[in-house]
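Comments concern the structure below.
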Amino acid sequence: MSDVESEPLLRPDALGHVEPYVTAEQLQHAKIERVIDNDVLPDTSLVGRNIGWGSAYILVISRVVGSGIFAMPGTIVQNVGSPGLALSIWIIGAFVAWAGLAIDMEYGCMLPRSGGVKVYLEYTYRWPRFLTSTLVAVQAVLLGFTASNCIVFAKYTLFAIRVQPTDPMTKLLAVGLLTAITLVHGCFYRTGILIQNVLGWVKVVLIVLMILTGFFVVLFRAQTLNNAFSSANITFWDDLWKDSNWAWNNLSTAFFKVFYSYAGLSNINNVLNEVKDPIRTLKSVGPAALLTACIMYLLVNVAYLAVVPLEEVKQSRELIAALFFERVFGTGFGSVFLPLAIALSAAGNVMVVTFALARLNQEVARQGFLPCSKLLASSRPFDAPMGGLIVHYVPSLLVIILPPSGTVYAFIADVEGYAGQYFAVAVAAGLLILRIRKPELNRPFRAWLPAVWLRVALCMALIVAPMFPPPKGTSDVSFFYAAYALVGIAIITFGVIYWFIWTIALPRCRGYRLEDEPDILGDGTTITKLVRKDC
């Protein structure tokens, strides 16, 4: 190992702020060393640091509180059978989300640069060469999509305007939303941030309204909603565990949906180059967003169960919030205005996910692991990552168009959740490895070790869950119950095979080796060129 690689990555200055050993200006004018430590030095985006604490909070809470709370509760109750078990899974999911957040906070404060998981895994797992980068690139391209929230937007919009949600109509609306958001973020950088901030606050206000409405109905209008409190319905204290389904496969798919609903707490890690005072912001934004989301999720679930009969909850799937509003406010305000507000909330989620994943894709392109890397890594012509947006747009478009829209939402959540467990285990284990391998690294935040081990244990349990089939052979989709696991494993296997052919088999057969060389594009973007050199 070279001397520079044995040095601590970051060091505190006299005021306690963490600074890199090499400044960005020195890297621009000096010969850039291709050492892994230089890959994770703090870096300021070409558009500057424009994201303050408020925008960072909205970026996280809008990603976390997306369509999940409006669409997942019905599917989760259907999975596990009883409200008591469903609420327990939401609570356990919050603790697991906290464990994952603590891991991402330690990594993010230690390596404060855009890219998130990509940066952390590349820094930790440096051998076999290029394997980590290839797997992250494959995961970012093949699983980095926002199709599910586009589908929710389309379904709630059609519900509000009283149009039958046919498959072609749903997909057309979903593709239209995805296209519009890609153009806004690619051509109007500041306008996109403003719009997603506004939609984020609309979402928070809407959820608070749902919570207050549920309690108002229970306290003051129970007699006028007798149908809602029929024998088919559930109360807060009676029969909470009736019809519980404890099959581990069903529980695992329910956990995937809860994790999907909490996903995004580390959204700010993907855009740290654009965040003001990134370390301080990172240490406070995530916990604030998690606390907000956890309280909102539990109260909204209680509101649903207090108003909508249990059998309707199980059959509602993604439209449970629409049924809730229709029962409380009737077929006018409740079935038109509020579902449109939910559709806008889903659109806001698509905006923040697209914003963050485009930066991750740009980081992957900067490392040279995508075709046409120079083009995709550039921020021209509008000082926005248009290349990263295109890489995000294509798989999202395909996922919207190809599967049937009826079950695509639950299936996408399961596939993303299952494949994500492998990366979650790698990140958590990597944190433990770095504690031993590089104890000298400056860590402004340290994760609680039992939380790290909790994360590892649950991830491993969820990875093996498909080996335990549900009693009926199906779960929440109309096809093979473990299809989500097969797709997730196939994506990871494809990444390994692609890495082996590209970096080992072809170079050996053709007598060359792959080397990475730094370069700077015309717009100032630093990239890595992968070049072939004769052995």
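Glycine is no exception: its Cβ is also placed from the backbone N, Cα and C atoms.
Owing to the predicted nature of the structure, the values given are computational and were not obtained by experimental measurement.
What TrEMBL says about this protein:
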- 51-72: transmembrane segment (TRANSMEM)
- 84-103: transmembrane segment (TRANSMEM)
- 130-152: transmembrane segment (TRANSMEM)
- 172-192: transmembrane segment (TRANSMEM)
- 198-220: transmembrane segment (TRANSMEM)
- 288-307: transmembrane segment (TRANSMEM)
- 336-358: transmembrane segment (TRANSMEM)
- 390-412: transmembrane segment (TRANSMEM)
- 418-436: transmembrane segment (TRANSMEM)
- 448-468: transmembrane segment (TRANSMEM)
- 480-501: transmembrane segment (TRANSMEM)
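Residues 100, 103-104, 106-107, 110, 117, 120-121, 124-125, 136, 139, 143, 256, 259, 263, 447, 449, 452, 455-456, 459-460, 462-463, 466, 484-485, 487-489, 491-492 of the same chain lie 6+ residues outside the transmembrane segment (418-436) yet bring a C-beta within less than 8 angstroms of a C-beta in it. Between the transmembrane segment (336-358) and the transmembrane segment (480-501), fewer than three CB pairs separated by 6 or more residues in sequence fall under 8 Å, so the two stretches do not touch.
Counting Cβ pairs under 8 Å that are 6 or more residues apart, the transmembrane segment (172-192) and the transmembrane segment (198-220) reach fewer than 3 and are not in contact.
Contact between the transmembrane segment (84-103) and the transmembrane segment (448-468) holds: at least three of their C-beta pairs are under 8 Å, each pair 6 or more apart in sequence. Within the same chain, the transmembrane segment (198-220) stays apart from the transmembrane segment (480-501): fewer than three Cβ pairs sit under 8 Å, each pair at least 6 residues apart.
Highlighted: of the candidate stretches 51-72, 130-152, 288-307, 448-468, 130-152 has the greatest count of Cβ pairs under 8 Å to the transmembrane segment (480-501). Across 51-72, 130-152, 448-468, stretch 51-72 shows the highest tally of CB pairs under 8 A with the transmembrane segment (288-307).
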